[in-house]
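Encoded as C-alpha cells, the structure appears first; notes follow it.
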C-alpha cells in the first residue's frame, strides 16, 4: 500500500506543477497590485483503490471509482476513460465514475495499465477537472509452474571423482511476481539419481555423493524437481532431466591377452619385415587406452616391436637379417604400458604386463652373397684391350656351396670371367665417359633362379692426351691509328683433359711470328694472355688482315702443345678510336663492296620501289574513275523497292541469259496479290550491257503479260532491271498513290529525264490533258 501511495505521489507531481507555477505568479502579482479576486477553494479528483487480480473469470469486475470533489451526485457530470485498454479491457460508468474490468487479465502479459480520466460538465460540455493519469495494477496469483529454460541439460564429470564434486547447476524460472509473497520462490529436490548425486535445495547445484567407475556404468540420468511457494501445499512444480556422463581416467593398465606367442620368420626376409602381431587389452578408452610395446634390452638386437596406434597392436619386425645356418630360433620378452599416465594415477601402473615370444627361423635356398655391398675400380684411359680392372667375389651361403657364375649387365666395354676377374674389352677414353656404372650379377650354377646383383663403379683415370686450344673463337680488330703497346685482345685456353688445381697453360708466339714487328704477346700467368701492338699505325688498304700463330702448351706429363691462329682485322675507327663499328665494316668489305657502291645500290632500290608504288596508285585511280559510286553491289539482277516488300515476286529474279537467247518461250501466269504500296527507283546506267533490241523485246513481253493478266492487282508497279549498273542520276519516281490527287501533280519533269523516259512522259502527259 505504501508503494502504491508513493507511485500516486510521483505521478501527481507533473499535474500539480502548473498549479504551483500559477500560485507563484499570483504571489508575484500580489506584490505589484492589490488583490481583486475572491478566495478560491482548491478542487481535485477523489478515488479509492486501483488493483485488480489476474485471471478473474467474471465478465465484469469492479476495480474502483473515479470521482471529482465537485460532483454532488446529481448526475450533472460525465466521466470518460482514455488510454490503452480503455473501452476494450476497462470501462467506466459515465455517471458514477466506477471502473470495471471486462476481460480476464494476465499479469505475466501486462502488469500495469496507465489510463487517463476526464470529467465534463454535461450542461456546458467543458472539462470540470484537468485530465489526470492513474495506474491500474494487476495483482499476481500463483498460476505459473516453474520451468527449466536451458533444457536439455548434459554434464560430463571424471570417473572416480571425490564426494562433493560439482557436476552442473540447473536453474528454473517462475513467471509469477517475485515480490508478491512466495509465488516465485523455488525449492529444488532430487527425484532420481540417488545415491550417486545430490542437489542443493535453493541453488539447484548438483554434486557427487559417492565415487563412480566408468567401466561399470558410463552415464546416469538424474531428475530434478523445482517447486514454487517454497514447497508449501498448493505449490506448482516442474521437472527436468540431466544426462551425466562419466569421462575416462587412466585407472587401468594394459594386460596381454596371451602369455606366450609363437611366430616364424624366413631367413630370406629383409630387415623391416613384419613377422607377426601381439595384442594387449585396456578397459580405458581414448588416449588412456593408447599403449607402447617394447622388447627388453637383452632381446632387442635382432627384433623390434612397433605400436600400431590405430589398432593398439604390437607389430614384431625384423631388425637384423637372420641366418638359419647360424641360429634357427629366438626367444624374446615383450612388455606393454600406457602411453599417457598422469602422475596422480601412477599407483595403478606400478608393474608393466609382459609376455614371451618364440620365433622360429625357416630355412630357404639363399642367393649368392657378395663379399662387399659394391665395388669401385680404377683404370687409366687408352689402356689396351684385355687390361686387368679388378676382381669381385661371391659365395653361396647355403651348406651345399654351389659354384657361382658372374656376368656384367649391358656392358660392351668390360668383360668378366667365372673367377670374377674384370678386364677391358675396348679402349677407354675419359673425355667420352669418365665413370661407368655397371651391375655385376652372380648366379648359382645349379639353381639359376638364385641371383644376386651389386653395383660396380669403374673410374677412368686421365692421361694427358689432349693439347690445349682457344676457349672460343676470337674476332680481333685493330685501328689504323693504334699506337704501340695497345692491348687489342685477351685470350684464354681450355683443355679437354681432366682439370686439376695445378693445371697451367703457357702462351707464346710461333717462331715465324716472333720476328713479326707488328704484334706481340704477354702471358699473364693465370691461363690467359694479352695481344699488344708492336708498332704505331696500320694501313687498311695495304694490309687489311694479319694472321698470328700462337703456341699454347700445358704442364701435363708429357706436355702437349698446339698451334692456334688468331686473325686480326685492320679497321678504320675514325677519330674516336673505337672498334665497335668494325664488325659491320668487315661484313661489307668481305662482300667486296665499297661504301659508295652500297649507297648507290640503296638509291636504285628506292627508285624502283617508288616507281612500283606510283604505278599501282595510277591503276587504282583509274578504277575509281570508272566506278565513282559504290553505294550498291554489282549483281546480275538488281531489284530495288522503296516499299515494305512485294511478296514472293520480289525474290523471283530473271535469268539474264534468257534475254540473250534467240527464242523466248513464256507462259502466262496469274499474278499474286501484293500490297498497294508502290515505290519506284530509277538508276543510272553506264551505257554498258546488252543492246537495246534485247531489252525492247523483253519489255514488250512483260507489257503483254501485264495487259492480258486477268488477276493483276488494281495498281501499277515499276520494276527496274539493270545490267552491271551502279545507279541513276535521274532520282526516284514518286508512287502514283503518294499524290493527293492527279490535279495537284505535274509530270512535266518527265520530259527532262531523257529518251529512256519518253514513253512514260507521253503516258502521263496525255492523261493530264484528257483530265483537263
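Just so you know, glycine gets a Cβ as well, placed from its N, Cα and C.
According to Swiss-Prot, the feature domain 'Cadherin 1' maps to 44-148. Secondary structure counts, DSSP: the domain 'Cadherin 1' (44-148) has 0 helix, 50 strand, 55 coil.
What Swiss-Prot lists as domain 'Cadherin 2' is 149-256, and the listing cites sequence analysis.
For 57 (among others), the entry in Swiss-Prot reads N-linked glycosylation site, with the evidence type sequence analysis. Cβ environment of residue 57 (N-linked glycosylation site): 104 lie under 8 Å away, each six or more residues apart in the same chain.
Cβ neighbour count for residue 74 (N-linked glycosylation site): 6 (other Cβ atoms within 10 Å of its Cβ, all protein chains included). Among the features that Swiss-Prot reports, N-linked glycosylation site is placed at 74 (among others), with the record citing sequence analysis.
Counted within 10 Å of its Cβ, the other Cβ atoms near residue 419 (N-linked glycosylation site) come to 10, all protein chains included. Sequence annotations record features per position, and here Swiss-Prot assigns N-linked glycosylation site to 419 (among others) based on sequence analysis.
Among the features that Swiss-Prot reports, N-linked glycosylation site is placed at 437 (among others). In sequence order, 455, 456, 457 are the residues of the chain that are 6 or more apart from residue 437 (N-linked glycosylation site) and have a CB within less than 8 Å of its CB.
According to DSSP, residue 508 (N-linked glycosylation site) is assigned to a strand segment. Around the Cβ of residue 508 (N-linked glycosylation site), a 10 Å sphere holds 16 further Cβ atoms from the protein chains shown. The feature N-linked glycosylation site is assigned by Swiss-Prot to 508 (among others), with sequence analysis given as support.
Positions annotated as N-linked glycosylation site by Swiss-Prot: 515 (among others).
Positions annotated as N-linked glycosylation site by Swiss-Prot: 516 (among others).
Secondary structure at residue 534 (N-linked glycosylation site), as computed by DSSP, is coil. The N-linked glycosylation site feature in Swiss-Prot is assigned to 534 (among others); the stated evidence is sequence analysis.
If you look up Swiss-Prot, you'll see 44-596 marked as topological domain 'Extracellular'.
Annotated topological domain 'Cytoplasmic' per Swiss-Prot: 618-772, in sequence order, evidence recorded as sequence analysis.
Marked as transmembrane segment by Swiss-Prot on the basis of sequence analysis: 597-617.
Note on the domain 'Cadherin 2' (149-256): DSSP counts are 3 helix, 47 strand, 58 coil. In the structure as shown, the Cβ atom of residue 534 (N-linked glycosylation site) sits within 10 Å of 14 other Cβ atoms. Here the C-alpha separation of residue 419 (N-linked glycosylation site) and residue 74 (N-linked glycosylation site) works out to 149 Å. Across the fold, the C-alpha of residue 508 (N-linked glycosylation site) and the C-alpha of residue 74 (N-linked glycosylation site) stand 151 Å from each other. Across the fold, the C-alpha of residue 534 (N-linked glycosylation site) and the C-alpha of residue 74 (N-linked glycosylation site) stand 151 Å from each other.
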